[in-house]
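A.B. asks: Annotated transmembrane segment per TrEMBL: 12-32, 141-158, 188-214, 234-259, 335-355, 361-378, 429-449, 461-480, 492-512, in sequence order.
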């Protein structure tokens, strides 16, 4: 903060924030890392030591390459730097290999590639309306947004403790969003097309991009009531967007198409043989559905309505396996989750077309697409909540209503990531970092919107405060009870279900806001 105070008089405060969080990331290098560390080490080895034709067939390790080709080439590029640190990490047969040099290389590769995220945050800050800016630097929306993004708790623990490259990927996404805000549509479309070929989870928000680009770029004018002028359609602009998508896709998938390996690549990217839920239930609708099934099965056993011998053992013991079999409620298929997801997304997409609200409307649609996919998707990872949390940060400094939704979503979503760090040394780290980020988020946004109504009602306040007792029970009470042996999955189930309620509430509240807000009524020419 001393450096920040020195920089207050100029524009160096952003550099101070970026430098501060970079130093924190360096301090987290020795902490626990998950199996994702070995996943990415194995991908370094695959792409470095094998020809391209074998990348998506190699299966020596269980952690096979299952990201799109651009990410494979990203690993390939990193591997040529990694060989100067420790050549042994690039041996495909060195399973679970981890040396001090390997650790340093992989940790620093995440930290350095985060520079794209830092640049993207800087560009996003240029798109923020400064009308609510206070006299103090710390009360300015751009400063608050910078802290909310650069120091995001979820991104810190997922990338720099758990281990992944989300900062680099979210940098691409935020930069594409910034370009759309700046009306640099082809650049935004290009960046998003590239992003899809780095990690296909971003397909969740593709409908928002597609409709917004069609509505705002291919149609060049609106009527005074906000509806589209159909005679303003530009076929040339549509062709240019199509050409961008085609060329990026050709560059990514072309080599594998030439090798007749496209079906193999797609089978790795979309493994529908996995179960409905990930190993730890992501806090979504299916977590509530699974929990209800468990409650009904317990009641059925107590009332002797169910035969214990016919109940799948996995569903009543661990409760956290990938292939979850429902006992009372109907089992869920991938097609059912797809239908639910599409039904949840469609209203937001229709609003984006029929009730245009400019870039802000696009951003809200993007977040709803991300949340709908998170809530109703197949085999959703808990980390996917960041796909909604980070873009929501941009909205949080614009309107009090959005700030309220952001705080509920972020606090609940971040707490749902706690089970990722289950080792004792990381317990005080995750609690302290979460508390600091949450306290700052609430206090700064309350200050920013101090002239408006309170950000939380009594019910929301009560719910958020309930996360405290939940953490105390899961970490400090449950381990010393007899339930630990009989119901070892209980803390994870409670965390998942409790957080699912908050995330679902935030999704519903944002949807109500989108559906009730009026369209922007002005003629627009581009």
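Along the chain as shown, residues are numbered 1 onward.
Note: Cβ is positioned from N, Cα and C throughout, glycine not excepted.
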A.B. asks: Near the transmembrane segment (335-355), which same-chain residues lie under 8 Å Cβ to Cβ, leaving out any that are not at least 6 residues past its ends?
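C.D. replies: For the transmembrane segment (335-355), the list is 207-208, 211-212, 215, 226-228, 276, 285-286, 361-362, 364-365, 368-369, 372-373, 375-378, 511, 514-515, 517-519.
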A.B. asks: Are the transmembrane segment (234-259) and the transmembrane segment (492-512) near each other by the rule of at least 3 C-beta pairs under 8 angstroms (pairs 6 or more apart)?
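C.D. replies: Since fewer than 3 Cβ pairs under 8 Å link them, the transmembrane segment (492-512) and the transmembrane segment (234-259) do not come into contact.
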A.B. asks: Short question: which residues 6 or more past the ends of the transmembrane segment (429-449) have a Cβ under 8 Å from it?
C.D. replies: 28, 31, 132, 134, 138-139, 141, 144, 147-148, 151-153, 156-157, 161, 396-397, 400, 403, 406-407, 410-411, 414-415, 418, 421, 455, 471
A.B. asks: Looking at the stretches 141-158, 234-259, 361-378, which one shares the most CB pairs under 8 Å with the transmembrane segment (188-214)?
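C.D. replies: The stretch with the most contacts is 361-378.
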A.B. asks: Please give the sequence-distant neighbours of the transmembrane segment (361-378): residues at least 6 beyond its ends with Cβ less than 8 Å from one of its Cβ atoms.
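C.D. replies: Residues 177, 180, 204-209, 211-212, 216, 272, 274, 276, 282, 284-286, 334, 337-338, 340-341, 344-345, 348-349, 351-352, 355, 384-385, 387-388, 391-392, 394-395, 409, 503-504, 506-507, 510-511, 513-514, 520.
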